[in-house]
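Asks: Supplied in structure tokens, the structure appears directly below.
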């Protein structure tokens, strides 16, 4: 009915160019699927996309969320907003040698808003926004797919017509429930991909609006073209892939708006046929619009280059081993193998993993490797699709296949290693946008099968089954992303050769206090990757705590030998050497750590402990003071200063340091306790009592707090209160040093007083 009504209007040639009023095969004609009004279709897509990922709403901060959110100072109110424009995604300065150069200030800004509204690091708000974003994107996909699959056409009133309602609904559902999207939705760091996709689609829809005829009869609007460029820039400020929408808009303009037949133009160029000029390339406005897109893209890239600098990001071999291969052949063959694995994740998203690096995918080093078959299959399919997209006599088929391939390939280019090295082997999040192309090709393939099938309902039921399986897979995968333990353990069966998987499982166990199990996974991580210095460092730490000092020293020494600038390993090596009473070596290790990380308060703290053991009191105090300057809330360093000054009889100085510390950390009960001890010795009993009671209120089960308050009352002459707190202290810790002796002294004194009174 839509086509008949449109043909009855008999528009002139200019209107025909503007409205794309050509009779094409209708994709929906052969698709056996549900036909719903537009608003119902969008509601169904929104509901199903919500159901897929709803169970991730109360998940924890997992994996990269710690670095990008919890440890990112750019989220805090005290960090100036302007800093977001000069820092990378992880909060490091873009000019730093260690920066990954991932410039996503708008994504970080949304994290900051989340943090401020939540009043802290509460993950629920972060997860809810991600779910809402995916639902919004999935709803927008209904409009996007209606254009990509049905063409761009407007009614007399300027309203865009949906010429493929069934196909666009199917494609949008495929997109909404694709399990490979779980990382972007359930992982908070995936916000970058979601925001990028949102503005990516808005840029595309804005570009389409440019071809709606206005009152002056102009065939396109420069305003909407510029709006599209601006939205593309915003997409890029959310994640780097966003810039690719400008290229896709140009492809859409050439193929859909101007209906250019590339093969025909190439033929005419080869035969020097000047009629190629009439083939669509020089149609009014096309070159002007493409020039606007190119200038906009070049301007955006230039500004980004000026902000981030010229230096490439620093990645290691374990992040992307193929990019470090000496042989061009090995690099090329492995890059293509990675592409085939990405394609397989789109086709069969069953084996999903949070990290695919560190030996998860061994390098292909010879053509005799059976995995070469995957490359051949990929290129066989791609070449077949490209030939059909270029050579088919059916313009409708050419358009859909070319757009499908364009949306599949172009957004993936920044992650392809073709232009620059990337810091991963495979990342499920980077195929969020390319999955649009997959959904186009799948839907078109379904329409072709439906056309040939005699029992179309069986085919529709099969596709419905795929959708239901994907919904269940999304729900299962979302539940795995709810906690680090589930996420890391889920990867063991997918990537058993990945050292980072074993490392993360071990770290999670260690954080929960299960050191024995953690050791097993750390050892496996080191076995799989003998140069995995972080696993060596963590394993050395656990062995140090278990007093297995010699093996700990061996591991930490090897770690700093492999990575000489690994400051944390140098510090931990110093702690082990200190425990082995090799003080000179320990001091040297501490200073080496500080050399590689100048702002290292924990290392200054440990250096102070070394000097205190050597009775170098002035050096110890200076080291601890450095720790508190670098980290004013370093409670242990403040406490050690107070205790050292107290033990050496410098009560006035100890009191001054204690008061300074409590001003900075007013709710720290250990500082209250230390200062209360000093004030008690200075006979400031009332103030000392108040601090002891405040410390006990904050930590009522600390036997030493009650014991020392009892000593204060004992000195002060409040013997009944002293007796009460001695008894509480002994109840909490019957073996508390000195408390039992003091309690017995008090009891004898009370007995003497009773005898005198009698």
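Using the three backbone atoms N, Cα and C, a Cβ is placed for every residue, glycine included.
Keep in mind it's a predicted model, so treat the numbers as computed, not measured.
Below, the features straight out of TrEMBL:
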type	residues	note
DOMAIN	311-383	domain 'DUF1736'
REPEAT	499-532	repeat 'TPR'
REPEAT	533-566	repeat 'TPR'
REPEAT	601-634	repeat 'TPR'
REPEAT	703-736	repeat 'TPR'
TRANSMEM	39-57	transmembrane segment
TRANSMEM	131-151	transmembrane segment
TRANSMEM	188-208	transmembrane segment
TRANSMEM	220-237	transmembrane segment
TRANSMEM	243-266	transmembrane segment
TRANSMEM	286-305	transmembrane segment
TRANSMEM	372-391	transmembrane segment
TRANSMEM	403-424	transmembrane segment
TRANSMEM	430-449	transmembrane segment
TRANSMEM	458-476	transmembrane segment
Asks: Could you check whether the transmembrane segment (188-208) and the transmembrane segment (372-391) come into contact, where contact means at least 3 Cβ pairs under 8 Å with the two residues of each pair 6 or more apart in sequence?
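Replies: Stretch pair does not touch.
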Asks: Please work out whether the transmembrane segment (220-237) lies in contact with the transmembrane segment (39-57), by counting C-beta pairs under 8 angstroms that are 6 or more apart in sequence and asking whether there are at least 3.
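Replies: When sequence-distant Cβ pairs are counted, the transmembrane segment (39-57) does not touch the transmembrane segment (220-237), since fewer than 3 lie under 8 Å.
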Asks: Do the transmembrane segment (131-151) and the transmembrane segment (286-305) share at least 3 Cβ pairs under 8 Å, sequence separation 6 or more?
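Replies: Checked: the transmembrane segment (131-151) vs the transmembrane segment (286-305), no contact.
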Asks: Looking only at the repeat 'TPR' (533-566), what are its DSSP counts of helix, strand and coil residues?
Replies: 27 helix, 0 strand, 7 coil
Asks: Would you list the DSSP helix, strand and coil counts for the residues of the repeat 'TPR' (703-736)?
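Replies: Secondary-structure breakdown of the repeat 'TPR' (703-736): 28 helix, 0 strand, 6 coil.
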Asks: List, by number or range, the same-chain residues at least 6 past the repeat 'TPR' (703-736) whose CB is under 8 A from its CB atoms?
Replies: 669, 673, 676-677, 680, 685, 688-689, 692-693, 695-696, 742-743, 746-747, 749-750, 753
Asks: Apart from its near flanks, which chain residues at least 6 from the ends of the repeat 'TPR' (533-566) lie with a Cβ under 8 angstroms of it?
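Replies: Contacts of the repeat 'TPR' (533-566) (Cβ under 8 Å, skipping residues fewer than 6 from its ends): 499, 502-503, 506-507, 510, 515, 518-519, 522-523, 525-526, 572-573, 575-577, 579-580, 592, 596.
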